[in-house]
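Peer 1: Annotations per TrEMBL:
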BINDING   B:ARG212, B:232-235, B:300-302, B:GLN306, B:352-355, B:512-513  substrate binding site
BINDING   B:GLU228, B:LYS391, B:445-454, B:TYR456, B:GLU475, B:LYS503, B:GLU509  ATP binding site
BINDING   B:GLU228, B:ASN230, B:GLU449  Mg(2+) binding site
DOMAIN    B:291-388  domain 'Glutathione synthase substrate-binding'
Protein chains: 2
Amino acid sequence: MGVIHSSPLSLSPFTTAIRITGSSVFPYTSKANPERVINSPFNHTDNICLPNLLKPTKKFGSFSHFSHISTCLGSKTVPFKCFGKVREMETQEGIFQKTLIDFHGIDEELIQKMVYDALVWCSLHGLVVGDKSVQRSGKVPGVGLVHAPFALLPMAFPEIHWNLACEVAPIFNELIDRNKRKWMPLHRGLLDIHSKMLEINKKEEIRLGLHRSDYMLDEKTKLLLQIELNTISSSFAGLSCRVSELHRSLLNSYGEHIGLDPRRIPGNASVDKFAEALAKAWTEYNRPRALVMVVVQPEEHNMYDQHWLCAELKDRYPFNLLYSLSCVELWEILPDGTLLVGGQEISVVYFRAGYAPTDYPSEAEWRARLLMEQSSAVKCPSISYQLAGTKKIQQELAKPNMLERFLDNKEDIAKLRKCFAGLWSLEDSDIIKKAIERPELFVMKPQREGGGNNIYNDDVRTNLGICHKDHAVSELGVYGAYLRNKEKVISKRAVWMLECGTKVSSSNEGGVAAGFAVLDSIYLN
Amino acid sequence: MGVIHSSPLSLSPFTTAIRITGSSVFPYTSKANPERVINSPFNHTDNICLPNLLKPTKKFGSFSHFSHISTCLGSKTVPFKCFGKVREMETQEGIFQKTLIDFHGIDEELIQKMVYDALVWCSLHGLVVGDKSVQRSGKVPGVGLVHAPFALLPMAFPEIHWNLACEVAPIFNELIDRNKRKWMPLHRGLLDIHSKMLEINKKEEIRLGLHRSDYMLDEKTKLLLQIELNTISSSFAGLSCRVSELHRSLLNSYGEHIGLDPRRIPGNASVDKFAEALAKAWTEYNRPRALVMVVVQPEEHNMYDQHWLCAELKDRYPFNLLYSLSCVELWEILPDGTLLVGGQEISVVYFRAGYAPTDYPSEAEWRARLLMEQSSAVKCPSISYQLAGTKKIQQELAKPNMLERFLDNKEDIAKLRKCFAGLWSLEDSDIIKKAIERPELFVMKPQREGGGNNIYNDDVRTNLGICHKDHAVSELGVYGAYLRNKEKVISKRAVWMLECGTKVSSSNEGGVAAGFAVLDSIYLN
């Protein structure tokens, strides 16, 4: 059973942009917002290989092999046109200046240089994923690496909306924490565990949430609309920090030529802050010899995103990490609730698995999950937090008077409500009909987490049985962490950074990036 | 025609070590120095895949999938045996303490963790090469990446010898600069250009050399013996800095357990210093708008090593880089000697190509090289420097009374002479006979530059027509830069860092690392 998540007519980030994936550079066309379409110099073929892009130009004479040629242009020496344009845009908060990143007429040679430099940057700075076409690349680090799919330049984003997104993050965190009612049976296994915890009146004294709230911007209603709130395995904190750095590095080199200022890309410290929150949870648990366990999937092409976080933990904090898989049979709980794995005490269980149906192939995984939930280890997230992040529950929260059950502050409630894009169940046949007729109005959210599962635009029709075509929609993700110990909130308003991903569905894309988000950062205006 | 380079009986770095290459972890066996053999826990098969290495152990219970499991052990919490041993070793300079890195009895699980962590580290920190088994990986950055082949731990190296190696580097630089006689016709094309320069009495006012002097250590004679002096395209300055950092990072995590102190790995600033020397040459040329041109090969799997240097240049210095290939037909020289490429003035030509016969597939490349040499641009290296680095000329320099022709300081001469391992020509049939009988005494040096071309041990026989077997020999490379403007020496004693590569011949190895040096760092004792 799916849920259709309404989205407004003119999603601002829904544009053609230059997205660079494993073996190709390809543009996406916007139907929603043709005015803001980036007129890519590339042909609209599926896979434009870099050697073709880096073909000779007259400027540098005739080289016999040009595939390895690129120029790094520093500032000031080579004159380029300035492409930045400023126009006014009205929002519900008033009128503000908006710089559009307008690529009309941008020099093709310059784009080629930027692509080349960006690819080098990714390789040197660990903005990489496992190449799905290479065996073992999801299991063994260091082999089958390919740069992560990324957008060549940041997405323009109004500062006012960004501020709002940062402002509501701690409120959402609070909402997740308070959200303890017994929900409809949707995730049967999770709910069973949840019910058992309710039965034994299990108290989670230390509660840690590492969340990412995803938004789209509606140009018509001028609203920042929440698409989903991830409460388990919020990904790309590691790689998105790298993307912000990549874009800043490109703008340092080329910003003057294209009229963009690197300082307008907000700092992204999400990976530091997630590490800090995990470390604080370990401190609160207050057993110095206990380990932090990272529960991972047996095959994970996005492993370097996780390793960035783990590297931060290893470098800065004194505790030890234990990578593990969710299927664990020899774990045990001591009478006092201590969780032991192989005889070693676990203080914090950080899940980068456990959200997909395939993460529970047998009863053993469910037993392991139950065991963890019964223990006194800090779960990030607990079953309760995880359930609160499911689409069905978010849909419930969007109903009238629901937020009031969990939150007191009326202003907070109003802010959150403004962000709800509205959720309808697929059980409603009128909605299905409308989705088929006007697919651009909807984003179909499958009832699971993890990247690459969203189905946009014409693919809504596909999935409802009509046709095939892929498009991409950019989302802004804002990370936030929440940590409390009994009644003491340790990190509540701790809201940090953003990740900006363009999720593409995996059917038609080809290449190694299929199923990955195309990473982006934002440019404030 | 080859040259046999004699090497002493017991080359100290000629040992079994754990070398990690693209798709395998494999040990090398030492015949020369069995006492120092590292008793690797791995079977002596050619390719031991990591998933096998990361198999379950009792300690962590029974996991259903263990391939992605590793533990990061911080200091203090998990007790491990200390494996460091200290013994006295006599040298020509006296007696000093020598810590042997002895892997006898080292915990297999610990090695597995270190391998896993090291592979992650490489991926996040750009210690990568292009995987030769992936198309385009030598042409397009960001695709087909694989960690560079590296040794898991640094090679123990006596501080006294390291100091000597650093001390003689500027003397060798000076020698290269003064070495201007007309040599035997060996590199016909280079010599033709050299002759033409002598005819027109061409003065190179600004002379820049970025050199790497490679050594082996002879335990029998206690001598540091120079194997070769690279004067063109000295590679691995970029990646070897990363390897030093990798080893320091591993020793930060595991050093206490294996009795090694990360502070004993000397800092490696070679890439900074090479960048600084290039920048200084550009400053001396004194034309702010002129570019630095990096001449590269059309296909280069070691491109990230070059990109590290270029990244350093781009980040820290105001001039622009132009990547190019040596085959250039539309270059021009103005009457005042100014070199123009596509209308842009070139101040410094930095060669990462031009050393291999295949770099000159036609007359066009020779014309380009001649044009550059005729120009007033700073060549790194000039034809003269490049010739001085050829084996034949180094062999000549090793002859009695040759050094005295170029150097004045008797102490300097004595130091250099001590480092000459001795060179014999293959024209000498007695030498060939001896090489076949006692291959362990010789290292055959083909008459060309570039990694992966050395043939060691049993392969000497192979190449002379007898049998096949591969072994590896570790070398210590010390980087040095030399810059002078007319009579003013700007960087003379500028001696920095070390690179420690185990060159393996490419025939039997298999995997993507074939032909690459296996990178290492040193551990001072």
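From the backbone N, Cα and C atoms, a Cβ is placed for every residue, glycine too.
Caution: TrEMBL annotation is automatic and unverified by curators.
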Peer 1: In whole Å, how far does the CA atom of B:SER235 (substrate binding site) lie from that of B:GLU228 (ATP binding site)?
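Peer 2: Roughly 13 Å, rounded to the nearest whole number.
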Peer 1: Which binding-site residues from the set B:ARG212, B:HIS301, B:GLN306, B:ALA353 come within 10 angstroms of B:ASN230 (Mg(2+) binding site), judged by C-alpha positions?
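Peer 2: Hits: B:ARG212.
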Peer 1: So how many of the residues in the domain 'Glutathione synthase substrate-binding' (B:291-388) end up helix, strand or coil by DSSP?
Peer 2: 35 helix, 28 strand, 35 coil
Peer 1: Within a 10 Å radius of its Cβ, which of these binding-site residues (B:ARG212, B:HIS301) has the fewest neighbouring Cβ atoms?
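Peer 2: It is B:HIS301 that, of the binding-site residues B:ARG212, B:HIS301, has the fewest other Cβ atoms within 10 Å.
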Peer 1: Counting across all protein chains present, how many other Cβ atoms fall within 10 Å of the Cβ of B:GLU228 (ATP binding site)?
Peer 2: 22
Peer 1: Among the binding-site residues B:SER233, B:SER235, B:GLN306, point out the residue whose Cβ has the most other Cβ atoms within 10 Å, with all shown protein chains included in the count.
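Peer 2: Comparing the binding-site residues B:SER233, B:SER235, B:GLN306, the most crowded Cβ belongs to B:SER233.
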Peer 1: Cα of B:HIS301 (substrate binding site) to Cα of B:GLU228 (ATP binding site): how many Å, rounded?
Peer 2: 23
Peer 1: Roughly how many Å lie between the Cα atoms of B:ALA353 (substrate binding site) and B:GLU228 (ATP binding site), rounded to a whole value?
Peer 2: 18
Peer 1: What is the separation, in Å, between the Cα atoms of B:GLU228 (ATP binding site) and B:ARG212 (substrate binding site)?
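Peer 2: If we compare the Cα positions of B:GLU228 (ATP binding site) and B:ARG212 (substrate binding site), the gap is 8 Å.
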Peer 1: Suppose we draw a 10 Å sphere around the Cβ of B:ASN230 (Mg(2+) binding site). How many other Cβ atoms does it contain, all chains included?
Peer 2: 21
Peer 1: So how many other Cβ atoms are close to B:ALA353 (substrate binding site), meaning within 10 Å of its Cβ?
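Peer 2: Taking all protein chains shown, B:ALA353 (substrate binding site) has 23 Cβ neighbours within 10 Å.
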Peer 1: So, in DSSP terms, is B:SER233 (substrate binding site) helix, strand, or coil?
Peer 2: coil
